[in-house]
Amino acid sequence: MQILLANPRGFCAGVDRAISIVERALELYGAPIYVRHEVVHNRYVVDNLRKRGAIFIEEISEVPDDAILIFSAHGVSQAIRAEARSRNLTMLFDATCPLVTKVHMEVARASRKGKEAILIGHAGHPEVEGTMGQYNNAEGGMYLVESPADVWNLKVKDEDNLCFMTQTTLSVDDTSEVIDALNARFPNIVGPRKDDICYATTNRQEAVRDLASDADVVLVVGSKNSSNSNRLAELAQRVGKPAYLIDSAEDIKEEWITGISLVGVTAGASAPDILVQQVIERLKSLGADSVQELHGREENIVFEVPKELRVEVKEIS
């Protein structure tokens, strides 16, 4: 049995930055550090940060005075940001992915201009809640759609004053169908100058499509609440291959790979490489005898942490 590794896979620049912000805050200021929502959607990452002194909360009211607070990579609404700033906090750091912030700016711009805005995204996802929360113009409107059917059922105030944007971690194929419906339903709608679906989401979906075309079964390392990881498993299934979303090597069931020649392995943008390595070791214990990494797009994007966290511990001692 051979293991095929998708390329690229695992951490993206936004996730790497968000985790680094929490780690640096813990190193520089010590525990506890409060984080609104899981900093990224990965159980292994969150559990490790929790052990080091990060406290994950959902409500700003849970944060005591004089504490240090970090917003997660998914972003927050203007209301949450204002609430945090009104508190007597020692420091406030924003780990929102810069590519999510780009979408926030698009929504805020639409709100200022009085344009109605339509967001393509999954209801209940924290990124969607934060993005929707950038709009505050009562004379306009902010709407959420998930499917072409939602588009055809949508009622807006002015069909000639519309724009749209998307969640950054969606299925490229599904989103294309929704955009086609938007353009058909609202011919004058304006989209973003550049795709809102981020480079990492697009690259990993392209890579898993290539992987699934060769593999007999695909294992996607990622947590159940990770949007981009779920999309990878769904895409592999659409190619016609069995695909399983796993948090760790322990989740692998032997019957998944019984009689299989090629096992494909990839990881969502919030899954660390150590989990992939553990999956490889588990597969080797079940009979895998070689590992091959596929060719893919090279990624060299880096997002800096806030300047306050780019200092040595001794500088603030």
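Cβ from N, Cα, C; glycine included.
Remember, it's a predicted structure, so these values are computed and weren't measured experimentally.
Annotation for CYS97 ([4Fe-4S] cluster binding site): spatial neighbours GLY14, VAL15, ARG17, ALA18, ALA73, HIS74, GLY75, THR168, CYS198, PHE303, criterion Cβ-Cβ under 8 Å with sequence separation of six or more. Per Swiss-Prot, the feature [4Fe-4S] cluster binding site maps to CYS12, CYS97, CYS198; the stated evidence is sequence analysis.
Residue density at ASN228 (dimethylallyl diphosphate binding site): 26 other Cβ atoms are found within 10 A of its Cβ, drawing on all protein chains shown. Annotation source Swiss-Prot lists dimethylallyl diphosphate binding site at HIS41, HIS74, HIS125, SER226, SER227, ASN228, SER270, citing sequence analysis.
As annotated by Swiss-Prot, (2E)-4-hydroxy-3-methylbut-2-enyl diphosphate binding site applies to HIS41, HIS74, HIS125, THR168, SER226, SER227, ASN228, SER270, with the evidence given as sequence analysis. Neighbour count (other Cβ atoms within 10 Å of the Cβ, all protein chains): 28 for THR168 ((2E)-4-hydroxy-3-methylbut-2-enyl diphosphate binding site).
In the three-state DSSP scheme, SER227 (dimethylallyl diphosphate binding site) is classed as helix. Counting only same-chain residues at least 6 apart in sequence, those with a Cβ under 8 Å from the Cβ of SER227 (dimethylallyl diphosphate binding site) are HIS41, HIS122, HIS125, GLU127, GLN167, THR169, LEU170. What Swiss-Prot lists as isopentenyl diphosphate binding site is HIS41, HIS74, HIS125, SER226, SER227, ASN228, SER270, and the listing cites sequence analysis.
Look at Swiss-Prot and you will find GLU127 tagged as active site, proton donor, backed by sequence analysis. Under the DSSP three-state reduction, GLU127 (active site, proton donor) is assigned to helix. Every protein chain shown contributes to the tally, and the Cβ of GLU127 (active site, proton donor) ends up with 25 other Cβ atoms within 10 Å.
Around SER270 (dimethylallyl diphosphate binding site), taking its Cβ as the centre, 33 other Cβ atoms fall within 10 Å, counting all chains.
Around the Cβ of CYS198 ([4Fe-4S] cluster binding site), 26 further Cβ atoms fall within 10 Å across all displayed protein chains. Neighbouring residues of the recorded dimethylallyl diphosphate site, listed in sequence order and excluding HIS41, HIS74, HIS125, SER226, SER227, ASN228, SER270, comprise VAL40, GLU127, THR169, ASN225, SER229, GLY268, ALA269 (Cβ within 8 Å of the Cβ centroid).
Across the structure, ASN228 (dimethylallyl diphosphate binding site) and CYS12 ([4Fe-4S] cluster binding site) are spaced 11 Å apart at their Cα atoms. Note: the CA-CA distance between SER226 (dimethylallyl diphosphate binding site) and CYS12 ([4Fe-4S] cluster binding site) rounds to 13 Å. The Cβ of CYS12 ([4Fe-4S] cluster binding site) has CYS198, TYR199, ALA200, ALA269, GLU299, ILE301 as same-chain neighbours under 8 Å, each 6 or more residues away in sequence. Just so you know, of the binding-site residues HIS74, HIS125, the Cβ with the fewest other Cβ atoms around it within 10 Å is the one at HIS125.
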